[in-house]
Amino acid sequence: MPQLDKLVEEELQVHTPHKDFRLWLSSTPHPGFPIAILQAGIKMTTEPPKGLKANMKRLYQMVDEGSFPRCQCDHKYKKLLFTLCFFHSLLIERRKFLMLGWNIIYGFNDSDFEVSEHLLSIYLDEYGDTPWDALKYLIAGVNYGGHVTDDFDRRVLYTYISEMFNDEILEQPYHKLSTLDTYYVPKDGSLQSYKEYIEHLPTGDHPEAFGQHPNADIASQIKETRSLLETLVSLQPQRSVAQGESKEDKVLNLSADVLRHVPDPIDYEATAKLVSDDMNPLNVVLLQEIERYNSLLKTIRSSLVELEKGIKGLVVMSSELEEVFSCIHNAQVPPLWGKAYPSQKALGSWTRDLLQRVEQFSTWATTTHPPVLFWLSGFTFPTGFLTAVLQTAARKNNVSVDSLSWEFQVSHLDDSNLTEPPKDGVWIKGLFLEGAGWDKRAGCLVEASPMQLVCPMPTIHFKPAETKRRSAKGIYSCPCYYFPNRSGGSGRPSFVVTVDLKSGQSSSEHWVKRGTALLMSLDN
């Protein structure tokens, strides 16, 4: 690349090349690509088609007319090939819903489709009765599932394949592939008839085609817009403005404001003495959390003091301080502070959130009595707290902690009426439901209202149980994440626990396709 950069600069820009000479370069995006070449040349990009229609159209163009009925059961093959095309397109386009689509973005490609199509033709020829289990396992479990590393993404994959690969596809004419009437399996015909049907599909995809709520479109567009604005902010000039408040003055004012609001550390030594007579698992967690928050508060205070000195020229600005300076100017949380716990909040809301977190543990440390309602989001390691609750129950009932699991009951009462801790387990407050709404009266999941991107959840009773009942019909196993980035961040996974919620009038598969999950904190 450096040699190419030199050649372009010397040969093409200094000397005059032949009038018909053109240099064509093709490359994938790479940070090491010379900027000078990009600036001097005309950029062209090729992007994969967007939308179910465009993807299905492209897949059918790969099918040859001569080999279209490539197996003996051609009526089965034609229907299942169309279903496979829809399935493949659905998986690719689902990524546009971001975290409501997939927790991790996967690179499903044409070879996945080709191998699945080949398997389909072989198994239809080999067996008289359609081997649904084998096809579903090989296509969703092995072929496409080979890309998938997240358990809840794998659940989405299996939900789609189970709905599309079954006897109803072959037995029912015009079998619907989604809740919309637009997408169905057309009647048997030539390859051209299938292409003509695809041509009549809508260019824009309604979220219901994927089993998503219209709110999912809004949520993904908000996140994309926020990402675009963050990129624009990062591209702004990094020098001081001559007119008005300088960049340094702005950062000094912001850092002074943050410093004023940073609470004092919690007295670890005094708390340790108070709880020394009763070192139960919860008190151990309390001391661990105090230690982590005190370390964070010390880091914030020292970095802000050093930053002020650096701006005034009293100390040398290290790369770490430069990063803190840049983040505070852009109202972002410096990575140095974000090591304690992951968060996507802006600096202002993150500071307010920090005050509430410290207050929870400060009150607990002062009274030495655990709160009646635990704010799970306030813990830096919520899984450690939940394990401590299980250990407490195991000691109380004289059973192994490994034999315990969770039962969940969503409270119908307001928090003001919950004045006593439960006999077993804990009350957990402050969770948010994404991808669904909650009917407080019926105590079950319902469709979210228009523009309701998240729904506050009532307090939930986390109760340790020795023998967990099998997930009954009408129960949705809802994943709970620490923050909106479900794939994790700062070297830590985001997943905390699975909470069983009543699925209401819809099936659990409905909420799986919706990407419904509980969040412990939001990004605002």
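Cβ coordinates come from backbone N, Cα and C, glycine included.
Keep in mind that this is a model prediction, so the values were computed, not measured.
Broken down by DSSP into helix, strand and coil, the domain 'Dynein heavy chain region D6 P-loop' (1-45) contains 19 helix, 0 strand, 26 coil. Here TrEMBL flags 1-45 as domain 'Dynein heavy chain region D6 P-loop'.
Across the domain 'Dynein heavy chain AAA lid' (77-216), the DSSP tally of helix, strand and coil residues reads 88 helix, 2 strand, 50 coil. Marked as domain 'Dynein heavy chain AAA lid' by TrEMBL: 77-216.
Taken from TrEMBL, the feature domain 'Dynein heavy chain C-terminal' applies to 223-520.
With a cut-off of 8 Å between Cβ atoms, none of the residues of this chain six or more beyond the domain 'Dynein heavy chain region D6 P-loop' (1-45) come close.
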